[in-house]
Amino acid sequence: MRDPFPIAPIPALSAWIQPYADALHLPTLPLHIHEVLGAAAFYTFVHTILSPIISNAFFSKYYPKNHRAKKANWDAHVVSLVQSVLINGLALWTMYYDEERANSDWEQRVWGYTGASGMIQALAAGYFVWDLGITLLNLDIFGLGLLAHAVSALAVYTFGFRPYLNYYSSIFILYELSTPFLNIHWFFDKLNMTGSKPQLYNGIALLVVFFCCRLVWGTYQSAVVYVDMWKAVQRGPDAGYIAAAFEKASGVDKNLMHFAKDAGPVPVWLAVTYVASNLTLNTLNWYWYFKMISAVKKRFEPAKKEKAAVPAGGKGTGNVATGAMVGEKQGLRQRAHSIGDVVPDSEELRQGTIQ
């Protein structure tokens with residue numbers, strides 16, 4: 001399938017990136033550089049302009065406009081929500097309608113290329129360019145866990161421009177299927193809807209989708225791609241594929257192996273780098289999910305009774321009142337537990353802790 005992106009490659013931009021693409025062995029990058037930069041610019045626009053405007057207009061009471069860390073977190077959640085809904089829809093559409101991609105064998109999954117999969121890869125890379133930039137600028141807020149995630153994800157999607165594992169761009173982006181629910185859960189907390197029925201239903205959906213798409217689907221597809229890479233490290237693409245790709249009537253839009261002319265066995269360093277990045281992402285997913293399980297055990301245990309300390313010469317009631325005020329200032333909630341307590345918000349995921 002041809003690239004369905006409504007804007008064609010910009011010749012001047014493609015010419016500008018061409019020397020870098022040649023040096024880095026990324027032959028399909030010039031075809032998609034406008035999508036990468038366009039996506040990064042779009043998400044920067046959402047983060048810096050659109051989110052503040054919409055949030056101030058509709059959630060002025062809750063939008064933390066005067067707190068740098070909280071504002072950066074809020075705006076990042078808006079971007080994440082927009083991106084996850086958009087890229088999930090496009091990836092599912094591509095997987096359904098791209099017939100060439102659907103009929104790929106293992107060699108085409110490794111060295112093949114279709115314009116539609118290239119678009120998904122480019123839009124994802126653009127998001128992770130934004131993600132890496134915003135994480136580096138706010139490393140004290142987002143933490144090393146999210147920095148590792150951004151670097152790993154950007155590396156994986158950049159390698160696709162070789163092209164390399166172009167087929168899997170749509171598959172692994174479906175990790176994001178759980179992201180809308182995570183962001184909605186977070187916004188429920190910020191809008192003082194913690195423990196509400198909408199958050200309950202969203203929380204259940206989050207746990208189920210996170211488990212299915214990131215752990216079950218993601219782990220299975222990782223095993224499949226490892227098998228493909230192992231074969232590709234042993235030998236290059238079949239000579240018949242290469243010959244067919246460069247017949248007179250063939251071309252980029254007609255043959256998946258068009259860019260595999262000089263392809264040989266996949267370099268060991270590339271396979272190792274990809275596996276390391278993929279394992280980083282999968283490890284984070286499993287780590288975060290087990291943190292959710294730990295939260296279930298911790299938050300649903302009977303509360304331990306603590307005796308209030310009475311200072312010498314002071315009154316017990318005064319100390320209890322002071323403790324209540326401190327608890328209120330720290331944001332401690334005195335209410336019944338719900339599924340909303342089980343699912344950590346993004347700050348907890350970023351820090352790798354459950355408060």
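Cβ coordinates come from backbone N, Cα and C, glycine included.
In TrEMBL, annotation is done automatically, which means it is predicted and not curated.
If you look up TrEMBL, you'll see 36-58 (among others) marked as transmembrane segment.
The domain 'TLC' annotation in TrEMBL covers 69-301.
For 78-98 (among others), the entry in TrEMBL reads transmembrane segment.
Look at TrEMBL and you will find 110-129 (among others) tagged as transmembrane segment.
Long-range contacts of the transmembrane segment (141-161) within the same chain: residues 21, 26-29, 32, 68-69, 72-73, 76, 118, 121, 124-125, 128-129, 131-132, 134-135, 169, 172, 270, 273-274, 276-278, 280-281, 284, 349-352, each at least 6 residues beyond the stretch ends and with a Cβ under 8 Å from a Cβ of the stretch. Marked as transmembrane segment by TrEMBL: 141-161 (among others).
Taken from TrEMBL, the feature transmembrane segment applies to 167-188 (among others).
If you look up TrEMBL, you'll see 200-220 (among others) marked as transmembrane segment.
Residues or ranges marked as transmembrane segment in TrEMBL: 266-290 (among others).
If you look up TrEMBL, you'll see 333-355 marked as region 'Disordered'.
Predicted-model confidence for the domain 'TLC' (69-301) is 85, expressed as mean pLDDT.
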